[in-house]
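Engineer: This is the structure I want to talk about, given as structure tokens.
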């Protein structure tokens, strides 16, 4: 990448992008579900809303378009971001006159449009970060990505829901649209450096798959993407059912999971960015793997029947505190393995495998708990978390990117 691309990382813009793109989806997948369920809507219909998460798993399918298509004077990633932002704002405003219960089919269609545009914005934001962040800045960039996503979820799923009784559906849509539009204003001031035209054969999905596989330790890395988060994903699947079975109200669960969990997740994500910069990627990979073990074990009191506030806060708090380091480390390593010719596709393909496998494991763990019980599934989660530690320890240092302390010293 050209040196100019790495000048002055747009930290404020990246934080804004990663926050606002989760405002509306966070509201739909948490707050809207609660609103509709309170109105008596069957669970079978509500399940369709959760399918919005598939956009983030499958976004690699249209990522090559984001890598290939530019918008002239509007820029490349900047053009995609302006388009996605404007589309989300207009879709949210179009949904404002609707009634979420009486017009559910149209509201769901609006959710689909917003979800697709939000995932597209994520593609362009990731590509922008890959191009504009030097290797030494990627840890902080991915910490900001994780923290921004949690903040967007906290505001969209939490704050807007709290205000919903006062402002109603139309007010909520207007507030989400206004929050999303903040980033659009910032984008107008962004100036992209010129980018060379990339041959189509280098920017396709097939080229991305082959390139990632052929890179050093490619097969091992793809296995790592799938297996690294298994333990903590299984534990996360148990958290909400455990709280519900313990008699916690929906509001209480929301405050514990979306409130406390998000806040602690933001803290741990930013701290991990600092740790990677100080200690290197390889050390952070091992530490993050080890931290998943106490995060999973923190649910033991809840599984044992302790329904008290202390057990719930400790379980949720430690789980979120020790999960997000793994997310930041893995995201940083994903960015290290991106080809500058196709940043959106390479990053989305890796993240899709990481998130997709975690999603399957989460759903499977929930179903398995109904058959084998919470205790057995938690034991399996602990074993999976423990298995991630030797996997991280035996990973070749070359996987950890160009900014290891030894590598820096060797270049002086």
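Placement of Cβ uses the backbone N, Cα and C atoms for every residue, glycine included.
Below are the features I grabbed from TrEMBL:
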- 12-36: transmembrane segment (TRANSMEM)
- 48-67: transmembrane segment (TRANSMEM)
- 79-98: transmembrane segment (TRANSMEM)
- 146-164: transmembrane segment (TRANSMEM)
- 221-243: transmembrane segment (TRANSMEM)
- 255-276: transmembrane segment (TRANSMEM)
- 283-304: transmembrane segment (TRANSMEM)
- 310-335: transmembrane segment (TRANSMEM)
- 347-365: transmembrane segment (TRANSMEM)
- 371-393: transmembrane segment (TRANSMEM)
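Looking at the shown structure, can you explain where the listed features end up?
Structural biologist: Nonlocal intrachain contacts for the transmembrane segment (48-67), taken as residues 6+ away from its ends with a CB within less than 8 angstroms of a stretch CB, comprise 25, 28-29, 32-33, 77, 80, 108, 111-112, 115-116, 118-120, 122-124, 127, 198, 203-205, 208, 341-345, 347-349, 351-352, 355-356, 359.
Remote same-chain partners of the transmembrane segment (221-243), defined as residues 6 or more beyond its termini with a Cβ less than 8 Å from a stretch Cβ, comprise 212-213, 215, 252-253, 256-257, 289, 292-293, 295-296, 299, 302-303, 312, 315-316, 319, 322-323, 326-327, 330, 333-334, 337, 350, 353-354, 357-359, 361-363, 365-366, 369, 374, 377-378, 380-388, 391-392, 395, 399.
Cβ atoms under 8 Å from those of the transmembrane segment (310-335) belong to residues 129-130, 133, 138-139, 141-143, 145-146, 150, 221, 224-225, 228-229, 232, 235-236, 239, 242-243, 246, 248, 256-257, 260-262, 264-265, 267-269, 271-273, 275-276, 281, 284-285, 287-289, 291-292, 294-296, 298-299, 301-302, 346-347, 350-351, 354, 399-401 of the same chain, restricted to positions at least 6 beyond its ends.
Long-range Cβ contacts of the transmembrane segment (347-365) within its own chain (Cβ-Cβ under 8 Å, at least 6 residues beyond either end) map to 53, 56-60, 63, 123, 126-127, 130, 205, 208-209, 212, 222, 225-230, 233-234, 236-238, 330-331, 334-335, 337-338, 377, 380-381.
Note on the transmembrane segment (371-393): residues 224, 227-228, 230-232, 234-235, 237-238, 241-242, 285-286, 288-290, 292-293, 295-297, 299-300, 303, 365 of its chain, located 6 or more positions outside it, place their CB under 8 angstroms from a CB of the stretch.
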Engineer: Name the range, of those listed as 79-98, 146-164, 255-276, 283-304, that has the largest tally of Cβ pairs under 8 Å with the transmembrane segment (12-36).
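Structural biologist: The stretch I would name here is 146-164.
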Engineer: Would you mind listing the long-range same-chain contacts of the transmembrane segment (79-98), meaning Cβ under 8 Å and 6+ residues beyond its ends?
Structural biologist: 17, 20, 24, 66, 69-72, 106-107, 110, 113-114, 117-118, 120-121, 123-125, 128, 169-170, 173-174, 176-177, 180-181, 183-184, 187-188
Engineer: Going along the chain, which residues at least six beyond the ends of the transmembrane segment (146-164) come within the CB cut-off of under 8 Å?
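Structural biologist: Residues 14-27, 29-31, 34-35, 171-172, 175-176, 179, 254-255, 258-259, 262-263, 265-266, 269-270, 324, 327-328, 331 contact the transmembrane segment (146-164) from elsewhere in the chain.
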